[in-house]
Amino acid sequence: MLLLLGLCLGLPLFSESQEEARSWDDTSEQVVLRVPRQLRLLQRLKTKPLMAEFSVKSTIISRYAFTTVSCRMLNRASEDQEAEFQMQIPESAFITNFTMLIGDSVYRGEITQKDKKSSESVKDKRNRTSDDNEENGSDMFKASLVIPSKDKAAFFLSYEELLQRRLGKYEHSISVRPQQLVGRLTVEVDILERSGITSLEVLPLHNSRKKGSGKAEGDVGPPPSTLINQNETFAKVIFKPTVVQQAKIAQNGILGDFIVRYDVEREQNIGDIQVLNGYFVHYFAPKNLPPLPKNVVFVLDISASMVGAKLQQTREALVTILNDLRPQDRFNIIGFSNRIKMWKDHLLPVTPDNIRNGKIYMYHLSPTGGTDINGALQAAIKLLNNYVAQNDIEDRSVSLIIFLTDGKPTFGETNTLKILSNTKEATRGQICIFTVGIGDDVDFKLLEKLSLENCGLTRRVHEEDKAGAQLIGFYDEIRTPLLSDIRIDYPPDVVEHATKTLFPNYFNGSEIVIAGKMVDKKFDQLHVEVTASNSKKFVILKRDIPVEFRKMGNDVSVTPGSARDGGKDLNHIERLWSYLTVKELLSSWRQSNSEQEKEQLRQKAQDLALNYHFLTPFTSMKLRKPGLRTNQLEDTYGMSAATGPATVVQNLREAGKQPEPDLKKTYDPRIKISKTSVDGDPHFVVDFPLSKLTVCFNIDGEPGDILRLVSDHLNSGVTVNGELIGAPAPPNGHKKQRTYFRTITILINRPERSYLEITPSRVILDGGDRLVLPCNQSVVVGSRGLEVSVSANANITVVIQGNIAFVILIHLYKNPAPFQRDHLGFYIANSRGLSDNCHGLLGQFLNQDAKLVGAPEEYGKNLSNQPFPRAEGMPEAILKVKGRRVPVVWKQRKIYNGQAQVDCWFDRNNAAKLIDGVYKDYLASHPFDTESALGLSTPRKPETDRPHEESV
């Protein structure tokens, strides 16, 4: 697939990009220090942008793989430079999302109906490139843009595929070809198979067609720096080579294919059937059955273009294949150019003499003349039809043609449509044709359609890629047919739609996969019936599968990354069903010769692809610049998450799925709003839930003061500082000035250091990569156990490691009065992760208790802090906190933008005696100061020179 996207944009990537670029420079210089001296000159000579990070994350759930590629680039040059992102993806995969970051904009790929006139469309051409690094069975995705000087850009690509079982194993291949050495290179593969993982191996890097390949002859075992963790149903594989390790593999950054191969535990009988939320998948792969006899004709191109290594390697491969034929098989050999050279006029049994004579015949075939593909196929089909018609075959057998060519039809019938129709008419659905295209000049589309229409498979073999070995490998996939005429039935009153259920053959080591959509979710079981032929008998298998509609521990829900689908949850089985259905519609469309039928198939495939965000030949991808509007920005920035539509995979080991933020509300619905907060000028509220008491106080600070609100740096690693801004006091007020929080800084040093700097207009998140988010657009981002949810112009919710949560309220004024300032409020929503030693103006009360020890009779039931006051100006009560007696009065105070009202005991004395120490003890030297908030072993006396004014 060649997907070429060119954007010449000259926007700054983020605000303060010069400073960020310098920080990236520092990182890249550290990378250079780790590179061997002989490689430094090579890096200096590069004129293309530096790739700072290349990350691939694959999550495989019951053979269905979600893969996301993330790439970050930096232009260190003094002029604009073009950056190209390219990624080989499996030929069978569907792209589901592509996103680019440049300037302050996020360019998201939107799957739309195919519009040939649109110049912005990214088309699914399904054409292979001529690039040197193109591998068999893969397509190339390319995108390019111009990065301004000293700026950076990022690319994010997501795709999905169903892994096919070949030779008894599933193989997941990831292209690791960043084209340069990368400071941070990571490949991570998670495998979840509820039936159990029986074998798992990581192969050496495979890159046979590239000069820079690090795969040496005799390489065995996984690549260096590969880590494998596995239990019965789950496996995690991580490949994280250093720059030095990359250089030893390939100095040009073309490392090759990272391949994970595995198999699963399977039932001997009906197969593995999984049901989830109205959809099912059926994996059928029987074993330990006697093989069916084969009737096979080898058809070999001996035209002039096959001279040399191609013909020699093909002969050697066929010698190996002939040696592998079983005694019950029948075979023949045809060589063709512009003449059809048939070894014998009938099929021969497999005997030592016949095998020897067949080899001799092959070696006497000499290349000459043109290419009569139609004539060769008709001769082979006639041999097989005659054998079946003339022999009373007791054993059921499978008729196969293995057809090898390196070119296009040049002699006899050359019209491809006529060749296809002639072949289909002659085979009558009874003969399977397996085609092999050798070299780059072959008419691969013709071979592909020949196999597609005649129950076969096709392979492309590059002549410089050990063609003989590839041919033998292809034959190994079909050498052992176990069943024929397979039919799998499900009750029509239960299953609304199922993918293909009729299969001509089943070969040992492969797998039949059927997915279906059920009529109704309210039933207890799914009846499955399999009928097939095996040698001398029919095989009938029946079973009722219990259906439990629940969130199973080994099932994983997948959440689309687009608001267009209304936020509905799509499970992996539903996506597998849609994937197979689209594939089958495309296959039927290619085979159809009726324009009306083709249009109907095209429309069905297009509608399904649009619904599930698949890039197909009937859909296109348009890049839109909507700004940061959706609540799925973690799909763009989250390097460790599977990103893009339909690839945000939830916790692989837990059954529950966390709800997503509802941006229509003014706060994250997962977060319960707490009374413990500081807001306004600044008004502090502290909740003591055990005592059913709420205490409030004011701090009259100075503009520029930085207050320590939460200090738990040595334990949980969290510190929160707030910087004050000044404003004139309102007319006739009792205060000389007001102060508000203009900046809240949250610092985290576990598990890795990161910080958040929040103002009413923006959020700066530095979790390894610096990210600037505007507060006027709703987004959700995640990094290193930190989740930040911005609800536009309303609030920011910060969740740390799942057990600490803060809500920062945004106060904005359209037409502010002189005494008003845009400012922030800070609320502690979840403090479970903070330690008992937590301190700060708010933090010191989180694990404390308070008690009213003396109050006048006028308060009555107000000791429980529930009733309303009888009147204002009530006398003082005494509150006991940490052994200190604090005079307080009862008051009502509004919090959370006036949406809630709390009854609290108010300390009028600027928190004297209530807090440990005095106000100055809570002043930080700068916003990123993490020193202990208070170094006192005993309380100090309150300051006497601070104003003790009450402000409400």
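Backbone N, Cα and C atoms are what each Cβ position is placed from, and that goes for glycine too.
Between the stretches 213-232, 933-952, Swiss-Prot puts its region 'Disordered' entry on 933-952. The 10 Å shell around the Cβ of ASN231 (N-linked glycosylation site) contains 10 further Cβ atoms across the protein chains shown.
It is ASN97 that, of the glycosylation sites ASN97, ASN508, ASN776, ASN795, has its Cβ surrounded by the most other Cβ atoms within 10 Å.
Secondary structure from DSSP puts ASN97 (N-linked glycosylation site) in a beta strand.
When the alpha carbons of ASN795 (N-linked glycosylation site) and ASN231 (N-linked glycosylation site) are compared, the span between them is 42 angstrom. The Cα of ASN776 (N-linked glycosylation site) lies closest to that of ASN97, out of the glycosylation sites ASN97, ASN231, ASN508. Looking at ASN231 (N-linked glycosylation site) and ASN508 (N-linked glycosylation site), their Cα atoms lie 27 Å from each other. Each residue contributes its Cα atom, and for ASN508 (N-linked glycosylation site) and ASN97 (N-linked glycosylation site) these two points are 36 Å apart.
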